Amino acid sequence: MMEILRGSPALSAFRINKLLARFQAARLPVHNIYAEYVHFADLNAPLNDDEHAQLERLLKYGPALASHAPQGKLLLVTPRPGTISPWSSKATDIAHNCGLQQVNRLERGVAYYIEAGTLTNEQWQQVTAELHDRMMETVFFALDDAEQLFAHHQPTPVTSVDLLGQGRQALIDANLRLGLALAEDEIDYLQDAFTKLGRNPNDIELYMFAQANSEHCRHKIFNADWIIDGEQQPKSLFKMIKNTFETTPDHVLSAYKDNAAVMEGSEVGRYFADHETGRYDFHQEPAHILMKVETHNHPTAISPWPGAATGSGGEIRDEGATGRGAKPKAGLVGFSVSNLRIPGFEQPWEEDFGKPERIVTALDIMTEGPLGGAAFNNEFGRPALNGYFRTYEEKVNSHNGEELRGYHKPIMLAGGIGNIRADHVQKGEINVGAKLVVLGGPAMNIGLGGGAASSMASGQSDADLDFASVQRDNPEMERRCQEVIDRCWQLGDANPILFIHDVGAGGLSNAMPELVSDGGRGGKFELRDILSDEPGMSPLEIWCNESQERYVLAVAADQLPLFDELCKRERAPYAVIGEATEELHLSLHDRHFDNQPIDLPLDVLLGKTPKMTRDVQTLKAKGDALVREGITIADAVKRVLHLPTVAEKTFLVTIGDRSVTGMVARDQMVGPWQVPVANCAVTTASLDSYYGEAMAIGERAPVALLDFAASARLAVGEALTNIAATQIGDIKRIKLSANWMAAAGHPGEDAGLYEAVKAVGEELCPALGLTIPVGKDSMSMKTRWQEGNEEREMTSPLSLVISAFARVEDVRHTITPQLSTEDNTLLLIDLGKGNNALGATALAQVYRQLGDKPADVRDVAQLKGFYDAIQALVAQRKLLAYHDRSDGGLLVTLAEMAFAGHCGINADIASLGDDRLAALFNEELGAVIQVRAADREAVESVLAQHGLADCVHYVGQAVSGDRFVITANGQTVFSESRTTLRVWWAETTWQMQRLRDNPECADQEHQAKSNDADPGLNVKLSFDINEDVAAPYIATGARPKVAVLREQGVNSHVEMAAAFHRAGFDAIDVHMSDLLTGRTGLEDFHALVACGGFSYGDVLGAGEGWAKSILFNDRVRDEFATFFHRPQTLALGVCNGCQMMSNLRELIPGSELWPRFVRNTSDRFEARFSLVEVTQSPSLLLQGMVGSQMPIAVSHGEGRVEVRDAAHLAALESKGLVALRYVDNFGKVTETYPANPNGSPNGITAVTTESGRVTIMMPHPERVFRTVSNSWHPENWGEDGPWMRIFRNARKQLG
């Protein structure tokens, strides 16, 4: 039976206005829209009155529901029948954890009530198309129609393909029907294999073969034999990449054989809880570094949010599934798309060349895709710290004559670093009889054929197959699985994981054969033991679907009870679906139909399939000299600053959490004005050291339209000039990931790919001492479609994205582009040696040209000398600022440095040649460094010692004020106010934020950037930052116990425990499942802290599901009430813990006036480094800090204080319960965005009880308790940041 329960309003006023504006633009007479959530409860038994009231209360969250009955025509948008949304699985979990076992499943839809004039059927179709994502949702016209969401179907049997009866044609037909993308020789191979076996193949076997042997999984082109211009080539592409490892194996611990590569890290204190006692402590050991970079291009073109989200999720799983289990740590992301054509902000170079119907626009991708990638990282709890963004779409005269080149098939890059224990780097041995386990969520009928689909050019496959190949994301489930993996590796020698892989392309059909085959075993499996939420799925759908957030593991049979215990505690679902066999054979039994859908020798599936030979021709690009007529420097500056590749990226940065883990030493945002211009990302290796890890990206794809090899060399060079800004030491410490994107088969591109791989793998990297131990290829970067009567193609440039990773010696010595105005000198190190080439530059692009000669690595020895020289200067502390030259050239390098320093520049380019345009806009490799004027001679001496004397040019100095002036030989070349340039640079991000978020907030942020008087972040402390008020109490030897409380989806508990640990507490890991099962109680604890993250993925309101699992469970409710009423206890709730505790008002004495915390005014997750003031309040944690103003990490989507009315707000204020407020950079309490990131009235962001014993706050003090983890800080701070004081206050209060 199904119950229907109304929910809260689903759209804010500005979202409704945006929808109405879209309808009006489409000439649809829609006058009014009202939208509200509707909940559907599938029940296995009727609810009594109390249970019904409980369910209603559970589903009451968010803004208050309108009292009137909605008017207009109903359009009900729900998940597609046959799928289960992530919302559903998490909401159902909450219901069960609250004791409502009669609920089979909860699901949610949005009921739109449309008031409109007379619309035709076709116009109604237009309306419904605007309201739902056809990839994931459907539209009903009556609430009762939602019954279809819970319809169950009977299982369907396996289907046989009549090869023996119909011969080869049966395989050809199956290839088309199932979208297998099999090549002719593979069809021959299968015909031969099954004829020898004397039986017909089943559809599931063919599908499994296609996935396991797709280009996506087997990398056939990179392993192919090559004939170029009739000449046999000596090496495959992959062998040339491996040459870098053979030449420089130094510091690499694992390459080419696992889900990620591993290099040596530093010996540090890894901080985690003991399995038996739950007590957190440091464990001194090597924290080796793993690295991986993936792409998820095809799904992102079809459906950007889930495409980018599952791209990030899959890469995170790769990291976790390295060795015998590892810990993902920090991420990077990148996008290449065609021109944005922002409505009302179209640029002169942005022509519309059309696109296929089934893929979305570049604007859609950049609106939804980054949000999907960021949301996954945020909810999983991984900071996203680095990235790139390129737009390109043009008709150019390249290698193949005049043709369309651009990114209709986008690049969506997802990568990152993690850490792994030394004894877990290599996978273990799978013994015969080992249990084969799937860890993670259930099988769902989604993401079928992703491997094969992504191996085809967009437009070649059936639209329905395209849709089927997109997956859904549930990061909170992946977090639970990762917690299990963490518990396993933390057991050291007792780790129950023998072998682990992630489930990605091809689902279990690829992952399980890979697992057993890599372990030298076969496997026998039972289909019906696979967790599945859809009983009507066929064997093919169960075995081959790409449901996300799953891992496959081999666990020793005697370790299964331990593994079961860990999974139950973390509430991570798992299933034992088979066991390892001696015989190298794969069998899958189906007990429902009592048959064998799969019965194959492993070597048929993974054996010697036909090897590819690429017989290709070289084409040379002609190029045309840059036509300069009509180009002025003033116009060029404005155009280049508007090019998205160059322009400010704030709209891509602040949506991503950049502080979670408490180990982020350098994020994108630089300096007191928080400008997104960092050269590289840096994390600390642990919470107790200054060792670290660095990441940087290099990418120069448009250059490949003129010179394939130069483009690849520049990508390596740019990655190197970016990562050089931190203290690494020997260049051999740097390891690269190479991600290759090409349109294989397009004239000239294959030979160009070979040329580029050779340039990097055989020549440049070995010469520099660089290794490429990991990478990925995507070989179908072309889109075909019909535009009227014309057949069109959009082919991407050959695109190499290099991600550089390195161990860092001391994270405190990372140099940023932030200029200082003390007596200084700016020096350009020009590795272009005066070539100043303008081919394929940003300048050429904004004037719709390609040019002829591009930049290149001009001298490999000088590039190596450059890196070594910068490292020497970093170590000697000679650099005040550093920024590499890249897209936009020297002009943009200097401008970005001025933006970061909020200062002026007097630049002198006299020594850079007479061609001023080329001097300012060439994109040759190099960097601008700022040094003290007194150090100039010593710095130039170091550069000369490294062979760079002829590359160094004096280019002026930074000055106070707002003028950005470039001169040469006393003549003014360009002059403008820095503020004007800053506003131009910001206009793209402003327009994107206006489209995507609350336009009022976007306008306020843009306005703030034009205020030259803004003093930036600053600090005023009312206490001595270096005084340890806890020291006398720590000296007694007593360590009070603090319960570090987490619920599924919480992700900030480790850094919280570390902060309390440093203040003299014993921090104990307490999961809500420990309390609900009675494994742990709160009676032994002196303090309790509820941590940040996304409990239940913020389903049923942020923190509300967590609170209700306490309130609706009598024993646990009593436990909390007793704790809060016990004298001499302290409690802190941060972010998600703050939201949760605000819903426990009925249990917490003196909290009756506390507000609720609801959706930010911007309607967006906000990650900021915000200034707050400590106000006079009873809070015991903030004693002695009143009046202090200091920055703090903020990361939340629902942090806006909501009060009942003005009287409620006045009472909260008059009782003095407000503990922290947002202030602007002038020190004034503010409600203006982004200084107040959520729009809370009176800037309120923390409140306390009347006794001061319980304090809740939205910002994250635990992420910035170390100075080094602050995005910006005064130079005189030591190890401890000012927020360490609240943890020491807690220790002091407990005596």
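Indices start at 1 and increase along the chain as displayed.
Cβ coordinates are placed from backbone N, Cα and C, and glycine is handled just like the others.
What you see is a predicted model, and the numbers here were worked out from it, not measured in a lab.
Record features, source Swiss-Prot:
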type: ACT_SITE; residues: Cys1135; note: active site, nucleophile
type: ACT_SITE; residues: His1260; note: active site
type: ACT_SITE; residues: Glu1262; note: active site
type: BINDING; residues: Gly307, Ala308, Ala309, Thr310, Gly311, Ser312, Gly313, Gly314, Glu315, Ile316, Arg317, Asp318, Ala678, Ser886; note: ATP binding site
type: BINDING; residues: Glu718, Asn722, Asp884; note: Mg(2+) binding site
type: REGION; residues: 305-327; note: region 'Disordered'
DSSP three-state assignment for Arg317 (ATP binding site): helix
When distances run from the Cα of the residue listed as 'active site, nucleophile' to each of the binding-site residues Gly307, Ala309, Gly311, Glu315, Glu718, the nearest one: Ala309
Close approaches to the region 'Disordered' (305-327) from elsewhere in its chain (Cβ under 8 angstroms; 6 or more beyond its ends): 133, 135-136, 254, 258-260, 262, 290, 292-296, 298-299, 333, 368-373, 375-377, 380, 382, 412, 414-421, 424-428, 447, 470-473, 475, 478, 481-482, 485-486, 488-489, 495, 497-504, 548-549, 551
Cys1135 (active site, nucleophile), number of other Cβ atoms within 10 Å: 32
Candidate nearest Asn722 (Mg(2+) binding site) in space, where candidates are the recorded positions Gly307, Glu315, Arg317, His1260, Glu1262 and distance is Cα-Cα: Glu315
Those residues of the chain, 6+ apart, with a Cβ under 8 Å from that of Ala678 (ATP binding site): Asn386, Arg666, Asp667, Gln668, Met669, Val670, Thr816, Pro817
Between His1260 (active site) and Ala309 (ATP binding site): CA-CA distance (Å): 25
DSSP-derived structure type at Ala678 (ATP binding site), helix or strand or else coil: coil
8 Å Cβ shell about Glu718, Asn722, Asp884 centroid, Mg(2+) site members excluded: Asn679, Ala696, Gly698, Gly717, Ala719, Leu720, Thr721, Ile723, Ala724, Arg885, Ser886, Leu925, Ala927
Which same-chain residues, if any, lie at least 6 apart from Arg317 (ATP binding site) yet have Cβ under 8 Å of it: Asn259, Glu478, Asp502, Val503, Gly504, Glu549, Tyr551
Cβ neighbours of Ala309 (ATP binding site) where a neighbour is any other Cβ within 10 Å: 32
Distance, Glu718 (Mg(2+) binding site) to Gly311 (ATP binding site) (CA atoms, angstrom): 24
ATP site span - longest C-alpha distance across Gly307, Ala308, Ala309, Thr310, Gly311, Ser312, Gly313, Gly314, Glu315, Ile316, Arg317, Asp318, Ala678, Ser886, in Å: 32
Cβ atoms near Glu718 (Mg(2+) binding site) (within 10 Å, other residues, all chains): 25
Which binding-site residues sit within 10 Å of Glu1262 (active site) - Cα, from Gly307, Gly313, Glu315, Glu718: none
Conformational class of Gly311 (ATP binding site) under the three-state DSSP mapping: helix
Residue among the binding-site residues Gly307, Gly311, Gly313 whose Cβ has the most other Cβ atoms within 10 Å: Gly313
Alpha-carbon distance [Asp884 (Mg(2+) binding site); Gly307 (ATP binding site)] in Å: 32
Cα distance (Å, whole number) from Gly313 (ATP binding site) to His1260 (active site): 24
Other C-beta atoms that fall within 10 angstroms of the C-beta of Glu315 (ATP binding site): 32
